[in-house]
Structures are given as structure tokens and as C-alpha cells.
Amino acid sequence: MHDDHDKPHDPRLERIRAWLSQARFFAEEVYSSRYRGAIARARRDEDDLFMLLVFSEMMGVPNPAAYYTLELQPLLLERFHDWHKRMGMERSPLDHFKCC
Amino acid sequence: MSAIVLLILGLGGMAAGYFLYSRFIATKIYRLDPDFKTPAHEYEDGVDFVPTNRFILWGHHFTSVAGAAPIVGPAIAVIWGWLPAFLWVVLGTIFFAGVHDFGAIWASVRNKAKSVGALTGDVVGKRARSIFMIVIFLVLLMVNAVFAVVIAGLMMNFSTAVVPVWGAILVALIIGQLIYRRILSLPVVSILGVIALYVLIFIGPAVPVQMPAEVGGLSGNAVWILILFGYAAIASLLPVWVLLQPRDYINGLQLFIGLIVLYGSILFLNPTLVAPAINPDVPAGTPSMIPLLFVTIACGAISGFHGLVSSGTTSKQLNKETDARFVGYFGAVGEGMLALAAILAATAGFATFADWQAMYTAFGQGGVNAFVEGGAYMIHNGLGLNEVTAATLLTVMAALFAGTTMDTGLRLQRYIFQEWGEIYNQPWMKKNAPATLLAVGSCLLLAFGAGGADGTGGMIIWPLFGTTNQLLAGLTLLVITVMLVRLRRPMWYTLVPLCFLLVMTIAALLIQLRAFFEQGNYFLLFLDIVVLIAAILVAMECASALKRSREEMAEQQE
């Protein structure tokens, strides 16, 4: 492959490249627009399971990987509120861990 | 008559519908506002609510609504001659389907992008919502049963298409992985996918797979139906990105290629319509054209299923309210074009009138087979492609559409069973596998109950499917009409189609009721009565909802 960074830009090549990237954007939108919601929900379900794993020790479920998941808790704190709401719990299920 | 003349008349009519009638509807009736903040902007979340370019949204909408139904319906209905089918498709697209699809998007966008089902509950009433759920369930049941019968028939008649149709599933699986794991970019994958599909279509005729007429006491047709439901059950349980999404994408590409090939072959060949304009001697047992024509062609003229798509995903992605006209109305025009191609293939794609008559020996015969054979004849003579390959191409197109619809349909049916499990507190029913089994079981019951043990007679339910689909469209039109009454705008543009649909649907159901009784087909008699009750309930709901809203308006004025 040639590295054409140093070469002067050929306007025709630029146009083709712009057109191609536009085509790619359109194709990707067409591919994903119909199923974006379904896939995002499936992904959220997976993430929810992960949340349960990370906070399981605090809820009294023994977790052999607790030592490692503890490190992740601050990172997932932002999502904690949405998660417990989604799981049907109005308030934080953890006594020593109030969030709302 | 020359097919090109009919083609130009049809396309011209639909173009006039888009440029003149839809503009009138958009400015005077729905009064679209370019500054209205659509739900896609108001609730933008990058998941469901995403403002989308109108061309992309049109592509998404059109490929979601276009399927095998606008091919099968018109191809059956030409038994009465090409003129009635042609008029109903063109006028139906202009005055019924366009207004309905466009209106469903508008109604949903003006109500926080709610689905038509939810809107029926809000705008019309709770009772109407329950009817709506029952009608949807019936539509799904029939569409799955009838499409299984359609694909099974195609697999039996066109053995050269078996390898490409099932091979396409493999191609879709691979494409899904390539895209999901970001191994190749989408344009490259698209080109490779289409090439792979066409390679399969070209090698199909060399490796025909013919199911024996009898397999272990079952007819070959029945075996295909069982295999298809087995496939659909598994496919509907997979995550959407594994199979459904790439399949849908290839189908979309295939739809555009197929339309171009079909229209191109008509332009090059300029065939003559061998079928009569109005068939004077229809085969014995063919029901009366009025009202049956209006339920035989549902998709392609007006289809309630479109309202579900319009208000389900399309309305959540609409960038500007004024885009609704292009996406909704022009989407219906796209579907009308597909139906028009089906009519032309099934009436002009035969060498002589006798050939055509040999295809249409009884009501329900011909159909998609006539579309494939007629289309192949035109492609062969117009574009010079080998006739067997052309037939394989069209069979693959129809079978892939029908197959994807089965996948989606079973998924939706499963959701309904799961919802019932939730409502009636049956935890077992909420699980995926039992709910899918229930869905498959009910569809199989219909496919075999209607058509006998060999499953070949399942096409009898096609008009019944049409009636249920029209009822769904009627409910959507009712929602739009009530909204218009409340906004003090002219309601005739949606009320007249609504009344026409209800009258034709109920008349068709009564005629079929008598036919099923005379044939002693008590299974379908029962089903007909169920749909008839739903239809009468819908009609009464329409009357009461409109009366109520008019009274409300009158009171406000005093």
C-alpha cells in the first residue's frame, strides 16, 4: 500500500473517497436502523446480568470473584440507579449503599 | 394490450397520486408542520428514537412492508382478468394505502410515537384495543400458515430453487457474523453477499432437490411445511443480529434487483397481455369478484400490517414531520409497484391464452407459481437469461420474503403468548420455548386444518387472511378519522376508505361463510365466524367512536 499522506490531494480522489464514505454511512444506517432497538435491549440484558455479578457479594450472594469485581464497582456506580429501577426495586437494595 | 402501456398507466397514476393527492392530504388534511418537534428529537436516545435521513427511513420502511403478500395476492386475483386487479392496485395505492400508511405515521408522531394498538386504546377506547389485539393475533396466525404453504408449494414446483433458498440462510448467517464482529465493512459485505446469493441462484438449476411426493406417509408438501416451521421456530429464537437482520438486508437488496430486472424485462420485451381484461368464464367455484377482489389483494392496495410498521419503528425515527409524506405515501407506492409487477408477470408472461388458462384452473391456483413462471418467461425473452435460472431467481425472491415474514411473525406471536402468560399469571408461558411451541402449534393447526393432511389446500385461507388484514387497516383508519374529527378537519378522505373496507370485508366474510358451510369445512367456518364477529365489533366501534367524537365537538361549539 502506498502512503499518500505527503502527496498533494487529488480532488477527484477526494470526491470518490467522500462519496464512498457517504455510501458506507447509508448502508450502515439501512442495515441497523430497523433492529437498533432490539439489539440495544439485548445488550442491556447482558449488562444487567453483569451488574448482578458485580454487586452480588453486597447482596449476600457469594461470589468467588468478589475481589476482582470490587474494583469495578466505582466504574459501574453511574449505572446503578437505572439498574435497580429496571430490576423493579424502587430504592437501592443495599443497606449500606444508598443511591436515591 | 401491450404490457408497457399498462405499466406506464399504472406508474403514471401512482406518480400523480404521490405528487398531487398526497400533497393535498399533507397540506390540507394532516397539515404537516416542518417545525413540529418529532418524537425522534424529543425523546432521542440513540436506541429507539433516532432522527433518520428520510431516504434511509424510506428504504427501511419500504423493505419492512414489502414482502411476499403483494406478489401472492395480485397473482391470485388476476383470475378475474387483469383489469380489476390493476384498477384496485392503482386506485387502492393512491386513495387507500398511501393515505393509510402516511396517516399511521402522522397519527403516531403526533402521539409520542405510540403504536397503533396503544393509540386505539387512547383515541377510541379500551374495548377497541382488545379487538385490535385479537385481530393482530389472527393476522399473524394466518400469515404464518399461508406463507408456509406458499413456500412449500414453491419448493415442490421449483426444485431448482431449494439449494439457493436454504443456501441464502447460510449466506445471511455468515454476513451477520462478518458485520457484527466488524471483520469487513458493510459495502464490501453487501457486494459479497449479493454475489454469493446470485452464485447460488446460478448453480441452483444444476443441483435440483426434489422432495418425493410421499415421505413416510406424509405428502412432500406436508414435509416441507413441517421443515419450514421447524426452521422458523429456531430462527425466531435466535438474537435478531444472527439471522433476521442480515436476511432482511439481503432481501432488501434482492427486492430492488428483482424489481429492476422485472421492469427491465417488460421494457425490453413489451409482451402482450394474454389474459383477458375481464375474464368472462372463470373456473367453476371461483367466488364473485365483488367483494372477494378487495380481500384477495390486501398488500399492494391497502394492508393493515403497514400501520404496525409505520407506528412501530418508522414513527420513532422520523426526522421532520413533513418527511412522513415521502416515507409513508411513497412507501405505499413502492409496494404498489411490486404488486403491479406481479400483475404484469401473471398476465403477460405467457405465450398464449391457453397457457394462461392452464395455470389458472381453479381459484387459488396459479398465484405465486404463475408469477414465477410468467416472470421467468418475460426475463428469458426480454433479457435473454436462461428460463430455469430466471424462475429460480424469482422463486428465491418470493421464498426469501415469505421466510423472513414467518420468522418475524412467529417472533411477534411468541411475544403475544408471553404477554398472555403475564396477564393470566402463567409463568411457564412466559418462557421462550413453550411460547414458541404454542405459536408454531397454532399455525400448524391452521395450515393442516384448513388444507387437509397433505397441506396443499392451505391457500383457501388466503382471502381470510386478506379480510383480517383489512380489518386491521380499518382500525388504523378509524384512529386517524377520530383524530381528524377532534381537530375539526375534513374526515371524508379517511372515512370513505374505512367504510368501503368494512362493507367489502363483511360481505366477503358472509360469502365465504356460505362457501365453507356448503363445502362442509367446519374448521374454516369457525375461523370465518371469529373474524366476522371481530369485523362486526370493529364496525360498531367505528360507529360509536365517530358519533361520540362528533357529539363532543358539537358540545364544545355550543
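Including glycine, each Cβ sits where the backbone N, Cα and C put it.
Per TrEMBL, these features apply:
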| type | residues | note |
| --- | --- | --- |
| DOMAIN | B:3-347 | domain 'CstA N-terminal' |
| TRANSMEM | B:85-109 | transmembrane segment |
| TRANSMEM | B:158-176 | transmembrane segment |
| TRANSMEM | B:183-203 | transmembrane segment |
| TRANSMEM | B:223-244 | transmembrane segment |
| TRANSMEM | B:256-278 | transmembrane segment |
| TRANSMEM | B:290-309 | transmembrane segment |
| TRANSMEM | B:329-354 | transmembrane segment |
| DOMAIN | B:364-508 | domain 'CstA N-terminal' |
| TRANSMEM | B:388-412 | transmembrane segment |
| TRANSMEM | B:433-453 | transmembrane segment |
| TRANSMEM | B:459-485 | transmembrane segment |
| TRANSMEM | B:492-517 | transmembrane segment |
| TRANSMEM | B:523-546 | transmembrane segment |
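Within the chain, the transmembrane segment (B:183-203) has long-range Cβ neighbours (under 8 A, six or more residues past its boundaries) at 163-164, 167-168, 171-172, 175, 177, 246, 249-250, 253-254, 257, 389, 392-393, 396. If you count C-beta pairs under 8 angstroms between the transmembrane segment (B:85-109) and each of B:158-176, B:223-244, B:290-309, B:388-412, B:433-453, the highest count goes to B:290-309.
Averaged across the domain 'CstA N-terminal' (B:364-508), the predicted model reaches a pLDDT of 91. For the domain 'CstA N-terminal' (B:364-508), the DSSP counts in helix, strand and coil order read 126 helix, 0 strand, 19 coil. Only residues 6 or more beyond the boundaries of the transmembrane segment (B:223-244), in the same chain, are considered here, and those with a CB under 8 A from a CB of the stretch are 144, 148-149, 151-152, 155-156, 169, 172-173, 176, 180, 211, 215, 403-404, 406-411, 414, 432-433, 436-437, 439-440, 443-444, 447-448, 455, 458. If one looks beyond the transmembrane segment (B:290-309) by at least 6 residues along the same chain, the residues whose Cβ comes under 8 Å of a Cβ in the stretch are 61, 64-65, 67, 69-70, 73-74, 76-77, 80, 84-85, 88-89, 91-93, 96-97, 100-101, 104, 115-117, 135-136, 139, 143, 331-332, 335-336, 338-339, 342, 462-463, 465-476, 497, 500-501, 503-505, 507-508, 511. The list of residues near the transmembrane segment (B:329-354) in space but at least 6 beyond its ends in sequence, with Cβ under 8 angstroms from a Cβ of it, reads 3, 6-7, 10-11, 14-15, 17-18, 22, 25, 58, 61-62, 65-66, 70-75, 78, 82, 85-86, 89-90, 92-93, 97-102, 255, 259, 262-263, 266, 271-276, 297, 299-301, 303, 306, 366, 370-371, 373-378, 394. Packing against the transmembrane segment (B:523-546) from elsewhere in the chain are residues 123-125, 127-128, 131, 134-135, 138, 446, 449-450, 460-461, 464, 467-468, 471, 474-475, 478, 481-482, 485, 491, 495, 498, 502, 505-506, 509-510, 512-513, 516-517: each is 6 or more residues past its ends and has a CB under 8 Å from a CB in it.
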